[in-house]
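Notes to accompany the following structure.
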C-alpha cells in the first residue's frame, strides 16, 4: 500500500476514534445538564463524572491529531480547509474552549453550578454540529476561488438542506452513541437507577438516529451524485451498518448484553464511516484535492507514518494502563476507589 | 478610516492567542517538575508536609492545564485558519514535529489523569511518584517539539522550495535546524524558573498574610532553590541564544541591540531611548561586551544593521523587549540568591517582609519576562514568517471576516481569564491549608509541631 493510502487510513482511524470517544463525551455532558434540569442529577451525575474525569483531555487530542495529520499528509487540503473554515473553525475553537474549561471548573473547582453544566452541555451539542460542516464542505460546491484565495460560500452552506441533514445527523448520533455507552457503563457499575434512565435515553435516540442517517444518505445524492453512486456500489457496508444498528437496539431493548450492544454501535458507525470514506475516493475535497495527486512528498509521508507508529507504540500501553485503572477497574467503576 | 487589513488582524489574533496561551503552556510544562520534587522529598524524608504541598499544587495545576489544552487547540488550528499559505508550504515540513508534539501532550495528559486520581491507591512508597515522571517528560517533550517548529520559522532548512512548491524534504534536518538547541534550552529553563517563581510567590504571599510556620518554610525553601537554579540556567540559555543569533540570525540581534554599524569590539547597549533619527540617548554603553556575548571574544566582528536590506530590518522597539526580559530575569536571580544567602547566613532573616514582598512580585515579573522574550523572538523575525522564504504578509489568510474571529476569541479569553482566576482563588479559599492540615494530621499543629 502506498504511503498516502496508509496515511489516509490513519486519518480515517483518528476520525472514527474521535467520532466514538467525543460522542460519548459530548453526549454525557448534555445528559448531565438534562439530568440537572429534570432533577435526576442525584442518580446520573456521579456516574457520568466518574467516567468523564480521567478521559476528557484525551478526546480533544484525537481532534488535533486529525487536523495535524490531514495537513501533514495533504498540505493542500490544509490550505483549502484553513482558508475556508476561518469562521466555522473559530466557532469550533471557542466552543471547545468553553466546554473544556467549564468542565474543569465544574469538576476540579470547588463549586458545582448549573451555569457551568449548561455551558458544557450545550457546547457539547454545538461542537459536533460545527465540526460536521467540514464533512459537508468536502462534498464540493461550497468553496469559491477569488483573487487567488479560497472563500467559503456562507449563504450556500446555510441554505443547503444537505448541510442541515448532516448537522442533524451529527447531533442525534452524539446522543445515541453516548446513551448507549453510558447504559453499558452504568450496568457495569451496578448502578440500577442510572442504568434504567440511560437505557430509556438510548432507546429514545435510536429511531431519530437511523432516520437522520438515511436522510443524510439520500441528501448526498442531490449534493454529490458521484459520491452517492460510489456509496451505492458499497451497499453491503451500509447494509451491515443497519444490521448492527438493529442488533444494538435489540440488546438494549431486551436489557441484556450491554457490552455487545455498544460493540454493535461501534461497528454500525465503523461500516457507515468506512463506506462513506471509500465512496469519497479519490477525492478528499471534491473536485479540488485528491488522495494521490495532492499527497505530501514521500520522505515526509514516511516520516509521519513512522511517527504515528512510534507514537502508538508509546500510547497504547499507556492507554491500557489508564483504562485498567479507571474504565475497567470494577472497584473504581463502582465508586469504591 | 483605515483600510481593512486581514494581515494585521491575523497577526493581532495570533499574538493575542499566543500571549494568553504562553501563560498556561509554561505552567503546564514547568509545574509538574515542582510537584514531583515536592512529592519526592516528602517520600524520601517521610515528611507529610511536602506531600500535602504536592497535592495542593496539583489541584490548581489541573485547572490551569485544562485551559492550556483548549488554548493550545486554538493556536494549533489557528495556524491553518489564519496562515493557510504558510501551512501549505511549511506543512510539508513542520507537520512532523506538530504531530509528535500532540503525541507528547497525549502522553502527559494520560499520566496526569492517572496521577491526580491515584494519591492513596498504591502500596509501594514511590509508586505514585513514578507517575509524575511521564508527566514531566511529556510536558518537556511537547515543549521541545513545538519549539522546534518555531525554530524552523527562524532558520528554515531541510527542504527545497521551487516557487510555491516544496520539491524535496528531509524531516529530521528540518527539526534539528540551528535554532532548535538554544531555543529549546531557553524555553525549558525559563518555564521551570517561572513556575518556581510563581509557587514561591504564592508561599511568600501566604506567609505575609497568615504568618509563618514550618510548612511554609519548607515550601519556600524548595521553590526558591528551583527558582535560583533555573534562573541561572535561563541566563546561560540566553547567552547560548545570543551566540546562536550572532551567527545565524544577526539582524535579530542587531535590531535588539541597536547595533547599526558592523564593527569589531562592539559595545553592548543597555536601556536608553531611540530618537526619530535613530540616535541612541541615555543608554549605558558597555565596551566590547556585545562582541564578547556574541562570539566569546572581545574583539570579534558583530554584523550590524548596515549589512541588512532596509526592508528586512526588524522593528527596533524590540530593544525594549530584550532589555525588559534581561532585567526581569536578573531580578529573579538576585532575589532567589538573596533569599538563599540569608538562609545559610544566620545573621539575616530570610523571612523579612521586604524580601517576601520582593519574592511575591517576582512571579508576575518572571511571567512578563517570558512574554517579553517571546515578543522579542517573534517580532524580531519580521518581516518573515519563514525567514528567507516567506513573508508574513504572504502567509496570511485573505478574508473579510478576520475581525469577527478576533472578537470571538477576545471574548473567550476574557471569559476564561476571569473565571480561571476566580475559580482558583475560591478553590484555595474554600479549603485553606490550615483546615486541610487539621483534617489530615489531627495530632500535630499546622506546620508539623507536636500538639
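Just so it is clear, glycine is given a Cβ too, placed from its N, Cα and C backbone atoms.
What TrEMBL says about this protein:
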type: TRANSMEM; residues: A:12-34; note: transmembrane segment
type: TRANSMEM; residues: A:55-74; note: transmembrane segment
type: TRANSMEM; residues: A:80-102; note: transmembrane segment
type: TRANSMEM; residues: A:114-137; note: transmembrane segment
type: TRANSMEM; residues: A:162-186; note: transmembrane segment
type: TRANSMEM; residues: A:198-222; note: transmembrane segment
type: TRANSMEM; residues: A:234-253; note: transmembrane segment
type: TRANSMEM; residues: A:260-279; note: transmembrane segment
type: TRANSMEM; residues: A:299-327; note: transmembrane segment
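Ranking A:80-102, A:114-137, A:198-222, A:260-279, A:299-327 by CB pairs under 8 A with the transmembrane segment (A:55-74) puts A:299-327 at the top. Within the chain carrying the transmembrane segment (A:260-279), a Cβ under 8 angstroms from the stretch's Cβ atoms is held by residues 12, 15-16, 19-20, 173, 176-177, 180-181, 183-184, 213, 227-228, 230-231, 233-234, 237-238, 240-242, 244-245, 247-248, 250-252, all 6 or more beyond its ends.
The largest share of C-beta pairs under 8 angstroms with the transmembrane segment (A:12-34) comes from A:162-186, of the ranges A:114-137, A:162-186, A:198-222.
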